Amino acid sequence: MLSTLPAWQALSDHAEALRPTHLRDLFAADPARFDNFSLRHGKLLLDFSKQRITGETLRLLRALAEARELDAWKERLQRGEAINHTEHRAVRHMDLRAGDQAPAEVRNVLSRIAAFCDAIHSGVWRGYSGECITHVVNLGIGGSDLGPRMVAKALSAHHQIDIKVHFVSNLDGADLASKLADLNPRTTLFVVASKTFSTLETLTNARTARDWLLAAAGQTSGAVAKHFVAASTNIAATREFGIADENVFEFWDWVGGRFSLWSAIGLPVALAIGYRNFTELLAGANNLDRHFIEAPAERNLPLTLALLSLWNTDFLRAASHGIFPYSQSLSLLPRYLQQLEMESNGKLYDRDGAPLDVPTCPIIWGEAGTNGQHSFFQLLHQGGQPIPSDFIALGKSDYPLHGHHTALLANCLAQSAALAFGQTAAEARASGIPEHLLPYRTFPGNQPSTTLVLGELTPYTLGQMIALYEHKVFCLSVLWGLNAFDQWGVELGKVLASRLTPVVRGEADEHSLDSSTAGLITHLRQFRMS
Ligand SMILES: O=P(O)(O)OC[C@H]1O[C@H](O)[C@H](O)[C@@H](O)[C@@H]1O
């Protein structure tokens, strides 16, 4: 039992002793608190001085990491052992960004991606009518969508090539139809991105896109070969779909879906930002990999993020964790991290199949600042629940419009300070607030946050930041003793959906349904769905 380990017990006792201490007290007691509780790596700065911790907290958390044999797990990860034990798979996404050290098969696919980008960008690759490709549509979902979508948006200032990249993930026809409405089949390339090539959403969208293309080009035009490529591990299935082998960019079962943006799944990113920029993204991630592997616990950024998350979740009893990038370009980061963290660590059982006796992954959510300030920040300030958060700021704007960035940064800093320190009734009174309004104008503060500053948002720093979060997730899984690399929890719903589809269509009856599902189906059938 995790909670009965001596290292865990020591943290429990420490948390009880520290509970009455406010962040105000911690800052008052240590004028050098920022210096003592921040880390730098290259152009990244991680300020965790606004976390409700002391030096002793960190010492005890690091002792827990040692008790959980984090270093031995890092070695297992590096050696490519099958640490995804429920699927008997190695976890080798670091190999995808290892540069010259990458395995031959990885380098081979990367050089094919480079050549493909070149053919598209130079106009050598033409559509069925002889026109150049101007639009790329990625058809994928989950890990085959969120990573490339987030990165393509994050690096929009680096889109050097006149290619527009779109992402369609939802089974809802509204997603695909609304994109197709603005596209020309003669100049559109589809990337069917699916690790398994068996995902309902992606295959449904891919079939509809193929019909759309062939309706324009003609069934016998051979247009699929010029307008469809795939990123997948399942060559038999891509072949069956009709995608020529030379148009399939391969990856392998040792790449987890939510860790796959560095693989062929990154193809739409490379098409959008250029292959050279894509390699910069990989290089940034590789730099962080080496930091993670080599840096001692005291200077290790991913481990520190993980320890703080565990502290907030298990000892300060925070059920959720906000992600607030003060960057419009990073506005998809919360969604990306939702899959990365929650699909990895939202687990009930440990590696030995025993139930975990402590809460695991918090609910990850968030929104770009300043937008969030004008919707849900009220609850963070006065809702009475502990909600830790990550503020992410850019030193330099990627879209420098006069006056915008300094005001944005001021807001970012103001929010984390207001959350940490609040406002007492005495301070409110001193600022002239009338007595009857004092309760409403008092802010308890003590909301913990970490601020991550990226000097600039470049392919390299973005690669570093994503790898930072990936390794945070891995560290947390080791601390909790669970397998971060499977996702059995998503299966039950899929099985039920395939059973219900003919019932919803009215083609079959199912007598064992609960009354809610049966009642809803009866109601919905009247709309004659297709
Ligand atoms: O890439 P695919 O095989 O199409 O999988 C797409 C996604 O669907 C699954 O249901 C998993 O929950 C995700 O981890 C995965 O990324």
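Using N, Cα and C of the backbone, Cβ positions are placed for all residues, glycine too.
What TrEMBL lists as active site, proton donor is Glu343. Per TrEMBL, the feature active site maps to His374, Lys494.
Rounded to a whole number, the C-alpha distance linking Lys494 (active site) with the residue listed as 'active site, proton donor' is 15 angstrom. The residue listed as 'active site, proton donor' carries a helical DSSP state (H, G or I). The two recorded residues, Glu343 (active site, proton donor) and His374 (active site), show a Cα separation of 29 Å. The active-site residues listed here are Glu343, His374, Lys494; among them, Glu343 has the most other Cβ atoms within 10 Å of its own Cβ. In the three-state DSSP scheme, His374 (active site) is classed as helix.
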